[in-house]
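Inspection log for the structure reproduced underneath, given as structure tokens.
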Amino acid sequence: ITAKKSALFLQSIIGTGVLQSPVFTKQPGSIVYPVETVENREVVFSCEAQGSPPPVYRWKLNGTEISPRSGSHYSLSGGNLRISHLNKDHDAGTYQCLASNSFGTIVSREASLTFAYLENFKTHKRSSVSVREGQGVVLLCGPPPHSGDLVFSWIFNEYPTFVKQDTRRFISQETGNLYIAMVEPSDVGNYTCVVTNTVTKSRVQGPPAPLVLRSDGVMGEYEPKIEVQVPEVVHVAKGSTVKLECFALGNPVPSINWRRVDGVPFPRKVDMRKASGVLEIPYFQQEDAGTYECVAENSRGSNAAKGKLSFYAPPHLIEKPQEAQKLIDDSLVWECKATGKPKPSYRWMKNGENLEAAEERVQVADGALSISRLTLSDAGMYQCVAGNKHGEVYSNAELRIIAVAPDFSHNQLRSQTLVRVGGDVLIECKPKMSPWGVISWRKGSEALQESNRVSVLDSGNLRVWNATQSDAGLYTCVARNQFGVASSTGSVTVKEPTSITTLPSTLDITVGESVVLPCQVSHDPSLELKFTWFFNEQLIHFGSHGGFFEKVGGQHSAGDIMIRNIQLRHAGKYTCAVQTKVDSISIAADLVVRGPPGPPTSVHVEEITDTTASLSWRPGPDNHSPITAYTIQARTPFSLGWQAVTTVPEVVGGHRLTATVIDLSPWVEYEFRVLASNAVGTGEPSKPSKQARTKGTSPKVTPANVSGGGGSRSELVITWEPVPEELQNGPGFGYVVAFRPHGSTGWMQAAVPSPETSKYVFKNESIQPFSPFHVKVGVYNNEGEGPFGPVTNIYSAEEEPGRAPTRVRAKSLSASEMEVWWKALPWNASKKRVLGYELRYWSGSEREDTASVQKTVGNQTSTVIRGVKGSSTYCISVRAYNTAGTGPPSAAVNVTTKKPHYIELGVLYKKNRHSRLNLALPTDEDYIIQIKPFGEGGEGSSSRQITIPRIPGPNAVGSASKVSTLSALSTIALSFTARTSL
């Protein structure tokens, strides 16, 4: 078949979209067959594949193809292989199914056919086994020839009495032997090994083995001897269950224990309660691999046996080749990766046969297949086979090689290509064709003339450099290969270039101002412009950014923007990018924003004394305006926020980075911060320095408002305002109280060590009442003594008055008032001053100790008591008082208050339930008013009493809520509101 016909054939196959390469839907599995049923039975290996055309099947046995012929015991049913009249010598082996159609051949996984059987024991009699009591013994089974897994058991004497396994007796499922760790008299008898094939289910019995006791004594105790040992290495498949056997003879009966040599504890999946002679590990994984030890122990000693479990896993594909369609001369790379232990090896097959890399262009390396310069002969079915000694896995993929005439239907030339004068343009020509052919170009109807500006590239694309108006026109790309020719046409239009007429600039702006950034262009009027702005190479999204940016370019050739209320963060590079369909250009402007300085940094207290602190700092950014001055502020626990401080120099210039703060208070914790200023303003403050405490010194401030007096007999009471903590100048602050009687030259002193104390009491029985003292209060702390404050005169405690007032009289002025008179006590220098008088009054129904008290001040000899009840008798006593207390009471006098006047008012009612009543009352009388409602249902409850005291004038006014004295009125005005429950 010619190459052209082959290409057309492949095109027709691909174009139909119906045909399919073979894919297995069912693959054969291994079979174990019982040999006893061979004469009349058969086996069937399944194999099924999808494909169009339908696949044709073949089979191989041990790599050799089987030919099912008429009369042969091999036959095919679809893809299934049926084998009748089985022969274990000829039919056992490895089978593989091959499925083929016009796309290629694939091979199934391997499937084995094995025959299970169990022959009879050859020996018909066994010799007696003679042992001492207490000795261990091993009875050998010696199973007959077989195929398939076996299960062993032992009959004791007669069926169905089977030997029960325990810590003393053990049957190995590896060898079939019976182990008795320590023989007892009850063990004497005949033992028969029973072998069962798990596949054929057949069972055979060996000859009985008699066990007899020797008569020459009992076996003494001895240490364990391990008879069933763990194999040196056991290979275990991932996910399988492994059983390790271990058993020992010994007297006493040994105990069997298991452990991992590396000390790792057994996982929960291992049931240690069952682990004695057999350790079973289900779902074996990589972490279960290691060395295991069986320890047999009794009172005579111990012995151990070790064995290693080695993990293996058959291959598992994790990366498979995928179906590929390639053009002639293309390259192919397929990756195939699998996991497994040991690490899998790889081989590739093509159409059911191993792929040999006979040509240099075909390379196989570590599972990867690469083929360069593909030809039609490379098409077919490929299989990656990953395998290790525990199995193989297959992965299929089809390679299709496409041969096609040139075709532009999916890749036409661009109908119009725009380019600016002086620009470069690439016209792509990408037809679909296989193999790749020859590309040529026409301009208009003539063959294209190449020059130093116009060139056809190796890829077939056309490149034009430094375009001119003469390059405009129609261009046609023509593609040819051995299967045909095709062409595609497009036009080139040359436009005038775009240019920005605004010159690059640097703008200098102050914080808070607004600025317009211009972007004016000249361009081909037939092209649309697109303006894009960038700030520090980041696109500006107008309408966001806090509303600072706004487009203000009003004309189609202007892209100006405005930045409103500029902030320091807006400083940087602004780029205006202008784009058309044929070109793009940009211009940049640098915006310098001047603002107050940034906060200084690294403020440190370098040295501190009792009243000064030396500071240093580092300047913050000057924000494009030189720093002219620094301001220092301080804060203490006692100040209200940050306060300005005095510095040396008084004005800290912008070039200085140090200053000394003066006039600080000793022994106070200070924080300092620095603010920088420039021509624009004062910036944000620095972070505070670490707290620093000024050194202590002796105190300088004395307490204020030193005073005193009063107290008890023989006391001198001295009080003052404590000195605030910030003025105490150091720890251990206290007061020195000095005092002396008038006329004395020596001072008595007392130390008060608590800085919060504001009072000192000196008590001495020799102090006369109300004696004058000179008093001064000084201060001290741990650094030394401070000054005393000014001297103040303070009197000692005085005695209470010694006599009672005389000639006490009283009379009732009204129902709520009574007036009291008395004779004053003489005011003399007897140390018993009278500061005023205290009146006590109580009604006849009250006790004296509940009496009300009213005081007068000075030498007053009469007073009026108000607010008493009418028609009531009161007892009144008077006594003098001073700072020491009250003197003896006078004899009590009695007085009866006047009877109140009652006036009955008429009933008033208004629709709005609010009434007002004016009463004309005589003056110089007390009045008590109550309001009581009446209705058809009878009287209601009275209101609270309204007291109108005696008014020394012609008029009085009262209301239910308050009473006012208004001399201009001649009546009492009452306002009240009536309510019902309706």
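Please read every residue number as a count from 1 along the shown chain.
Cβ atoms are placed via backbone N, Cα and C, with glycine included.
Curation does not apply to TrEMBL; its annotations are automatic.
The domain 'Ig-like' annotation in TrEMBL covers 22-114, 119-205, 224-310, 315-400, 406-493, 497-586. As annotated by TrEMBL, domain 'Fibronectin type-III' applies to 599-697, 702-799, 804-900. Per TrEMBL, the feature region 'Disordered' maps to 680-713. Marked as compositional bias 'Polar residues' by TrEMBL: 688-700.
Looking at which of 119-205, 406-493, 497-586, 599-697 has the most CB pairs under 8 Å to the domain 'Ig-like' (315-400), the answer is the stretch 406-493.
Sequence-remote contacts of a segment are chain residues at least 6 beyond its ends whose Cβ falls under 8 Å from one of its Cβ atoms, and for the compositional bias 'Polar residues' (688-700) they are 603-605, 608-611, 613, 615, 635, 664-673, 723, 727-731, 733, 779-787.
DSSP states for the compositional bias 'Polar residues' (688-700), grouped as helix (H, G, I), strand (E, B) and coil, give 0 helix, 2 strand, 11 coil. The DSSP breakdown of the domain 'Ig-like' (497-586), given as helix, strand and coil counts, is 6 helix, 42 strand, 42 coil.
DSSP assignment over the domain 'Fibronectin type-III' (804-900) gives 3 helix, 47 strand, 47 coil.
DSSP places the residues of the domain 'Ig-like' (315-400) in helix, strand and coil in these numbers: 3 helix, 52 strand, 31 coil.
Looking at the domain 'Ig-like' (119-205) alone, the prediction's average pLDDT is 92. Note: the domain 'Ig-like' (406-493) comprises 3 helix, 46 strand, 39 coil (DSSP; helix = H, G, I, strand = E, B).
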